[in-house]
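First up is the structure itself, then whatever we jot down about it.
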Amino acid sequence: MQLNSNEIAELIKQRIEKFEVTSEARNEGTIMSVQDGIIRIHGLADCLQGEMVELPGNRYAIALNLERDSVGAVVMGPYADLQEGTKVKSTGRILEVPVGEKLLGRVVNTLGQPIDGKGPIEADGYEPVEKIAPGVIERQSVDQPVQTGYKSIDSMIPVGRGQRELIIGDRQTGKTALAVDAIINQKDSGIKCVYVAIGQKNSTISAVVRKLEEHGAMENTIVVAASASESAALQYLAAYSGCTMGEYFRDRGEDALIVYDDLSKQAVAYRQISLLLRRPPGREAFPGDVFYLHSRLLERAARVNADYVEKFTDGKVKGQTGSLTALPIIETQAGDVSAFVPTNVISITDGQIFLETDLFNSGIRPAVNAGVSVSRVGGSAQTKIIKKLGGGIRLALAQYRELAAFAQFASDLDESTRSQLEHGQRVTELMKQKQYKPMSVAQMAVSIYAVEKGFLKDVEIDKIMDFEESLQSFMASEYAELMAEIDKTGNYNDDIDAQLKAALEKFKQTQSW
């Protein structure tokens, strides 16, 4: 068979015409070293700070150090199989996480991937984990309450929507219990919740999720889990991921509550990353920007005005303000609030709830130290009835602590001192509350009214808890309308005062406690 040169030329032409070449401009680099989850990359010329770098096997690293000849990046996940000479690509994207209503009721990791075995999540969209906080003009003052369900907090240290209230204390003082109860109390308030677990045991996170499910609060809560077994990078970024998920609701004119449990472990994870990246250490070996680490996170919790919401939603939502309330948790060592991270977070937040080991061990739970706990903006958000009735609670407790210390040395006390001590004891006893038993505004008002108006003077100290329990069931059955009215309006006037007085006098006659 003889080949014709024209046929060959024609075949070659056809082949050339069919040949498709697709070219893409890609910024590639080479791994120079892998050490403790940190990779140094040569050749990524146009890399952004915080950019996602694509690694083999559908994994990513985040570029944190941009140096003259190399990029220092921290690997998100396992890194044992990465080797020198491996090619990596820059994506041109900052880390984003899924957001939306579909995340409610789910447990996700730092990257927003479900880890609860309930299938994939159809997100409404993706948002960057690092965002700039709303400016001064876009904010609105805090004047609506977040009810935690705790008498001691809602009466003395009230939290408002859009506030940052720090929960601080040693280990095993009930910090997580307080935050979880605050979430449980929001199940009927319309406030969406985000619980961010940083550096905790998987068993602890599982127990929290189980409790939220038991009390029906999981369906309006997102749990973001970065357990102790996760890499330092995922623990450091978890708080920002959770904040982005909470901001979704804030920016659409809804109210959200976020708990960071806890920021001490986040700071330790960030210190680990910074030291591995060879950044110069400062006080307690923390890097110089550890204040900025927490301030840029907590400033994103805010109450935004209706104009901001309208602009953000392109006019779909009008006349509604949005809020993100933050309850960051800090663990202290032997009550040392003057350490680096605690002082930083105290100065950033709008107040703190200080929990004490001695109070906790003596059976006063929640173990709130009323003397040093403060809410800097919550007073204007407090419910009227609680504000009016609860004014004397803090004073009674402060005087009681002072007099109790003095009374140890004095043998005979005058009548006024003795009555102050007895009143303080009763207030202290009444402020005790069991876990997972949050109270409504009306229930709190009744209890506080009883102690403030002297109805507990003739009740023995060890009977006060029983007295309160019987009183609440009596009010629920006999005065349901009054309780519903107080819950609905939160108002306090002469009529309500008279009704409460009559109710308590009637209850005292029953002697049913």
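Backbone N, Cα and C atoms are what each Cβ position is placed from, and that goes for glycine too.
As the structure is a computational prediction, the values presented were derived from the model and not from experiment.
The ATP binding site feature in Swiss-Prot is assigned to G169, D170, R171, Q172, T173, G174, K175, T176. Per Swiss-Prot, the feature site 'Required for activity' maps to S373.
G174 (ATP binding site) falls within neither a helix nor a strand when secondary structure is assigned with DSSP, and so counts as coil. Contacts of G174 (ATP binding site) defined by a Cβ separation under 8 A and a same-chain sequence distance of 6+ are given as L355, F360, R365, P366, A367, Q435, in order along the sequence. When the C-alpha distances from S373 (site 'Required for activity') to the binding-site residues G169, D170, Q172, T173, T176 are tabulated, the minimum falls on G169. The Cβ centroid of G169, D170, R171, Q172, T173, G174, K175, T176 marks the ATP site; residues of that chain outside this set whose Cβ lies within 8 Å of it are E331, L355, T357, F360, A367, given in sequence order. Look at the recorded positions Q172, S373 and count other Cβ atoms within 10 Å of each Cβ; Q172 has the fewest. Around D170 (ATP binding site), a 10 Å sphere centred on its CB holds 18 further CB atoms from the protein chains shown.
The most crowded of the binding-site residues listed here (R171, K175) is K175, judged by how many other CB atoms sit within 10 Å of its own CB. Neighbour list (T176 (ATP binding site), Cβ cut-off 8 Å, at least 6 residues apart, same chain): T204, V208, D261, I329. There are 27 other CB atoms within 10 A of the CB of G169 (ATP binding site), with all protein chains counted. The local packing around T173 (ATP binding site), expressed as other Cβ atoms within 10 Å of its Cβ over all shown chains, amounts to 26.
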